[in-house]
Amino acid sequence: SFQVPFTVLQGEGVEYLGHANDAVIAISNYRLHIKFKDSVINVPLRMMESVECRDMFQLHIICKDSKVIRYLCHFSTFKQCQEWLKRLTRAIARPAKPEDLFAFAYHAWCLGVCVDEEDQHAHLCRPGDHVRFRFEMELVRMGFDLQNVWRVSDINNNYKLCSSYPQKLLVPVWITDKELENVASFRSWKRIPVVVYRHARNGAVIARCSQPEISWWGWRNADDEYLVTSIAKACALNPGVKVPGGMLQNGSSDGSEACDTDFDSSLTACSGVENAGTPQKLLILDARSYTAAVANRAKGGGCECEEYYPNCEVVFMGMANIHSIRNSFQYLRAVCSQVPDPSNWLSALESTKWLQHLSVMLKAAVLVSSAVDREGRPVLVHCSDGWDRTPQIVALAKILLDPYYRTMEGFQVLVESDWLDFGHKFGDRCGHQEKVEDQNEQCPVFLQWLDAVHQLLKQFPCLFEFNEAFLVKLVQHTYSCLYGTFLGNSPCEREMHNIYKRTCSVWSLLRAGNKNFHNLLYMPGSEQVLHPVCHVRALHVWTAVYLPASSPHPLGQDDMDIYLPSGSQSQEFSGRSLDRLPKTRSMDDLLSACDSSSPLTRTSSDPNLNNHCQEVRVGLEPWHTSPEG
């Protein structure tokens, strides 16, 4: 008899427990845990993409976040290895129903051990009013004129128009619901053009949608053309206006602010229909290549024709589809998991095209950001369906434009609004959707976007409130299914299964008060628009995600805490984590060294200069002695 070698979570139950040659192995309803003599392996089941038997006696696991765990443990017989392989294969199979995912059991047991269920639910499930009331708060924050220019349409109440869209949609005030219905019949999956962001200083907006259903017949839709051009007209009616001090602020509807003739009239025109400037040329950014867009006409899709959309310009970005991104990620995972380290590392990395794909995504976001900020032009973004490449571009552009989205609170709002509310298919893309065996729907779209955010964090280390650990944790919990935030394919689906009330929110862990995720270099108050370098040579492999040690972790340095909720770990850096920080070789206890009467000296690489340095050092702050020079 032997004990379970780890502390179980609320709702977690160990289903299999046994011995391998050199380890204790356990499978629960949440994780695989293997304890060796001096190390451990801990992996959530939903993080695993596949498991197989290698060399007859060993297990080999491939994870969805790119980790590859090879030579897992050595079994004494082939039969024993096959038995554990079958158990693990059953454990990681697609769920038959959403309730089979661990997030539901975890939440239910957390409530069960709490005296006040309502308070506990609020702590675990409700990340804060900034997320709960994000739509209303964002409208106010961005300064939309909801009296004269824009309106919130309820046409999608109860998701009756489009199941993958939020229930409240922002459109120009003169566009009727009847016209929106007609537009929906012309857009793929009824994902109509709606506004999601407004530049407070010049009034330019970002809108998103899916492709128009042109088909080979070259269909047109007058209401669709009217809606798209109306978005540009609405921007001219609700511009930013110049106030003393030179800053552009939100326009008011009474037209009382004076126009400044030093600026283009379309950027600083007075509010009101009679004073509105000429609308800026709207940029329609198609994430696909022109070839792919035209090829989609064979399937009933297509792209806008500039001839039919007056005062609009169509630009194609050439971003790869999910199948190419999935292949690229698989190549990246294979290259990063090679043992030993390949001698042709750089050429192998280049052949995966992962950094090239990131570069194109960043370029698309910069194009949107520049059009909005520098040219004051409204932008409409779409790909084919509008739920993969479109949120990548839109959400990245909003980070570039708006410092609010670089805070922990704003980033939560961004993910909820642009990814969850607008129907990114997390269930299919992450591979935890029930009763779906089509592997072609899996793709690390959200992970790729988080990688792009990581690139921005590298280039602008002082302009993000959160640190890299925040992003790494988000990658892990995208797949772990410990939280319910990323379950399901659409807001309609999450509401149908009542996921919001029956699971915990990942933001209860990644909240602004958790100092483990706070960037110590952050300088709040900066209004800077980011202009990143998008060249492949400026991008970095995300080593914290793609190149972690795939071997077992030493005991005492178990990184299972990356998968645990906030209650399972200290909100401050623990003494253990401080002990892991590297110490200088020359002085183990710097504090006692400073108290010592003996002076600290710094040796020079030139021994002839050492005495001179000692003489002129009088009155200076002591330096740290280093035998390495």
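Cβ coordinates come from backbone N, Cα and C, glycine included.
Lifted from TrEMBL, the feature list:
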{"type": "ACT_SITE", "residues": "Cys383", "note": "active site, phosphocysteine intermediate"}
{"type": "BINDING", "residues": "Asn296, Arg297, Ala298, Lys299, Asn321, Ile322, Cys383, Ser384, Asp385, Gly386, Trp387, Asp388, Arg389", "note": "substrate binding site"}
{"type": "COMPBIAS", "residues": "594-613", "note": "compositional bias 'Polar residues'"}
{"type": "DOMAIN", "residues": "129-546", "note": "domain 'Myotubularin phosphatase'"}
{"type": "DOMAIN", "residues": "352-396", "note": "domain 'Tyrosine specific protein phosphatases'"}
{"type": "REGION", "residues": "592-629", "note": "region 'Disordered'"}
(message) For the substrate binding site, please report the maximum Cα-Cα distance among Asn296, Arg297, Ala298, Lys299, Asn321, Ile322, Cys383, Ser384, Asp385, Gly386, Trp387, Asp388, Arg389 in Å.
(response) 21
(request) Determine, to the nearest whole angstrom, how far the Cα atom of Asn296 (substrate binding site) is from the Cα atom of Cys383 (active site, phosphocysteine intermediate). (result) 11
(request) Looking only at the domain 'Myotubularin phosphatase' (129-546), report the model's average pLDDT. (result) 90
(message) Let me check the 10 A CB neighbour count of Cys383 (active site, phosphocysteine intermediate). How many other CB atoms are there?
(response) 28
(request) Could you break down the residues of the domain 'Tyrosine specific protein phosphatases' (352-396) into DSSP helix, strand and coil, giving a count for each? (result) 29 helix, 4 strand, 12 coil
